[in-house]
Amino acid sequence: MTIAVGRAPSRGWFDVLDDWLKRDRFVFVGWSGILLFPCAFLALGGWLTGTTFVTSWYTHGLASSYLEGANFLTVAVSSPADSMGHSLLLLWGPEAQGDLTRWFQLGGLWPFVALHGAFGLIGFMLRQFEIARLVGIRPYNALAFSAPIAVFVSVFLMYPLGQSSWFFAPSFGVAAIFRFLLFLQGFHNWTLNPFHMMGVAGVLGGALLCAIHGATVENTLFEDGEGANTFRAFNPTQSEETYSMVTANRFWSQIFGIAFSNKRWLHFFMLFVPVTGLWMSAVGIVGLALNLRAYDFVSQELRAAEDPEFETFYTKNILLNEGIRAWMAPQDQPHEKFVFPEEVLPRGNAL
């Protein structure tokens, strides 16, 4: 027997910190937690502060806080004024100059919440990568979570960066998001954009697949227990499978004539559909940031302008979009002092 005698390698501060971050505890921290927890705390705290106390009078001419009488559906952390451009509006920057009240008035909370929120979401994705590596599984959860991150970054950051200022980004609130949706439709005809169509197909298709999958598994359970209902019938730690893939395959083969042949392909498809849809919608929003057009059926517009009896759903939607632009712009951008004479407002079938 050989005995090797030597000195244990010294552990530096990095090794000690690595052990502490990855220690098994109720809430795992990890290296990703250094980014996730502070950013998530500051983003959520900034949003709660803004919706509780901070007005949007100086940026949008609106009341947007509980203090002013708004409710949960109408409060918001509003985007900065158009005149601020793409400034980060740092508290110590030239705009606020360290004055917290002035910073609130200028809309400084919006870039604060947007940037910390984006980095918080990225930190959560990295958390899934990190834990997957430690547990020894594939990182597809992190890959899936990249889709909502792409949508958030494209809508809240890429779109306003392509426009004249942060003002045109959605404010952080329920009714504020609805206003932004109307804006996208009126100024970009977003619902006719093929990337939006792919996004809708992905989200609704993912919901459909989720419902079908859950129902099929429930339908093909073959090992029941003594519980009064499905939710009480199983031991949550049982190792064996309790539903029949073969029976499910036979059922859907009779319904559609085709069915998934194995679970890997089935679950990959359930991952692929919503993730691809969200990614495509994010690509479409980046296109809107650059003011790219999708489908413009000019021939129908010209014919509708010449022939009062010719109208399609497309030309009708174009008129509705013109109405949104004409009536929304003065309300949405009061600082521009838009005035639309009566004769230029859309009326009837005339484009």
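From the backbone N, Cα and C atoms, a Cβ is placed for every residue, glycine too.
Per Swiss-Prot, the features are as follows:
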TRANSMEM  39-59  transmembrane segment
BINDING   His116  chlorophyll a ChlzD2 binding site
TRANSMEM  123-139  transmembrane segment
BINDING   Gln128, Asn141  pheophytin a binding site
TRANSMEM  151-164  transmembrane segment
BINDING   His196  chlorophyll a PD2 binding site
TRANSMEM  206-226  transmembrane segment
BINDING   His213, Phe260  plastoquinone binding site
BINDING   His213, His267  Fe cation binding site
TRANSMEM  277-293  transmembrane segment
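Overlay of Swiss-Prot annotations on the structure.
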{"residue": "His116", "record": "chlorophyll a ChlzD2 binding site", "contacts (Cβ under 8 Å, 6+ apart)": "Cys39, Ala40, Leu42, Ala43, Gly46"}
{"residue": "Gln128", "record": "pheophytin a binding site", "contacts (Cβ under 8 Å, 6+ apart)": "Pro139, Asn141, Ala142, Phe145"}
{"residue": "His196", "record": "chlorophyll a PD2 binding site", "contacts (Cβ under 8 Å, 6+ apart)": "Trp190, Ser281, Gly284"}
{"residue": "His213", "record": "plastoquinone binding site", "contacts (Cβ under 8 Å, 6+ apart)": "Leu266, Met270"}
{"residue": "Phe260", "record": "plastoquinone binding site", "contacts (Cβ under 8 Å, 6+ apart)": "Asn249, Trp252, Leu266, Phe269"}
{"residue": "His267", "record": "Fe cation binding site", "contacts (Cβ under 8 Å, 6+ apart)": "none"}
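Between the transmembrane segment (123-139) and the stretches 39-59, 151-164, 206-226, 277-293, the greatest number of Cβ pairs separated by less than 8 Å involves 39-59.
Listed by sequence, the residues of this chain that lie at least six past the ends of the transmembrane segment (39-59) yet keep a Cβ under 8 A from its Cβ atoms are 65-68, 70, 75-81, 104-107, 109-110, 112-113, 116-117, 119-120, 123-124, 167, 171-173.
If you draw a 10 Å sphere around the CB of Asn141 (pheophytin a binding site), it holds 15 other CB atoms from the protein chains shown. A coil conformation is recorded for Phe260 (plastoquinone binding site) in the three-state DSSP classification, outside any helix or strand.
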